[in-house]
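One structure is given below, encoded as structure tokens.
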Amino acid sequence: MNIHEYQGKAIFRSMGVAVPEGRVAYTAEEAVEKAKELDSKVYVVKAQIHAGGRGKAGGVKIAKSLSEVETYAKELLGKTLVTHQTGPEGKEIKRLYIEEGCDIQKEYYVGFVIDRATDRVTLMASEEGGTEIEEVAAKTPEKIFKETIDPVVGLAPYQARRIAFNINIPKESINKAAKFLVSLYNVFIEKDCSIVEINPLVTTGEGEVLALDAKVNFDDNALFKHKDIQELRDLEEEDPKEIEASKYDLSYIALDGDIGCMVNGAGLAMATMDTINHFGGNPANFLDVGGGATKEKVTEAFKIILGDENVKGIFVNIFGGIMKCDIIAEGIVAAVKEVELTLPLVVRLEGTNVERGKEILKESGLAIEPAATMAEGAQKIVKLVKEA
């Protein structure tokens, strides 16, 4: 689950992570009133959307007067902001964060992530703040420093100080930076985050260490422990199809292609998308029906896939382990009839009760193209979509 910058900063502030003062506003008039509450001569007007790259896209403005705050607020509210993370459709700006300006001396990047290779939380930092960390990793990887954290000990003060030294935090601010990083680590652990990222972290002319940004994602599997965080969810920022999928315990992520995919298991889903790409197709989605799919679940999965008007064909790739192939086949037949599917459909089944599953598909009399392997299925759906 993602949250807005202003929500992330509120969490930071409550747990001892230093951030500038700021207020959220929903209208231009409210933006001016909120700016008046801040003891500042310079204001930062920030678009609040669930995407990075806002600054480069024109979603962050520096205002030197209340009249400029109003001008920028009117300019941004209601605008569709397109960044490298939103896709070409962009996201509508429905709220702003009005923040006090500060005397920035230097910008840095810091982030806590889960390193799958070490099964540990890892602190990453760089003195190349203000730019995308992926860009830094590609061009100057030597400027990224990492600390792997022992889950029993937590982020040790010496590790925090070492990172601060490595990214050239001024000597007089080293201890503040180390304390800042330890507090940020506590946010990551106590709130069950999957990522906490600040870009930029800054040092000021007064020697302060502040978070000028806040990207916080939470582990969905741990949200049941955090009712307060669940309340921060902004459904307007999420894909309606993803919201609908979550109601049926389906994992759905929309992509830019035209071949709908329905698979069980995240690994098989990714392999399926890779195979479609390999044969010249473009997946329209990632959709994992999980290990306990029912007829109802399969039907809803079809409806969600077909909710994307770009979809021109569907590839169902199921390995029946716990989930039996005959049950899946019955679900596919029922779903095709209910949604009155007219698009090309290729189905590859393998595993428990696979022969019975294939018989059910064949006996249905529906236009379902069978495939014996994932590669064959991918080739067939790519060909059918191109011929359609």
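From the backbone N, Cα and C atoms, a Cβ is placed for every residue, glycine too.
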Fill in the blank from the handout: For the ATP site that Swiss-Prot gives as GLY53, ARG54, GLY55, GLU99, CYS102, GLU107, the extra residue out of LYS46, LYS91 is LYS46
Exercise for the section: Name the residue, out of ASN217, ASN221, ASN264, that Swiss-Prot lists for the same substrate site as GLY321, ILE322, MET323, please. Expected result: ASN264
Fill in the blank from the handout: Across every protein chain in view, the count of C-beta atoms other than its own within 10 A of the C-beta of ASN199 (Mg(2+) binding site) is 23
Exercise for the section: List the Cα distance (Å, whole number) between GLU99 (ATP binding site) and ASN199 (Mg(2+) binding site). Expected result: 16
Fill in the blank from the handout: Smallest Cα-Cα separation from LYS46 (ATP binding site) among the binding-site residues ASN199, ASP213, GLY321 is shown by ASP213
Practice task
Work out the three-state DSSP category of ASN264 (substrate binding site).
Solution key: coil
Exercise for the section: For the binding-site residues GLY55, GLY321, work out the Cβ neighbour count at 10 Å and name the residue with the minimum. Expected result: GLY321
Problem - Listed in sequence order, residues with CB under 8 A of ARG54 (ATP binding site) and six or more positions away - result: LYS46, ALA47, VAL60, LEU81, THR83
Exercise for the section: Write down the Cα-Cα distance for GLU107 (ATP binding site) and MET323 (substrate binding site), rounded and given in Å. Expected result: 51
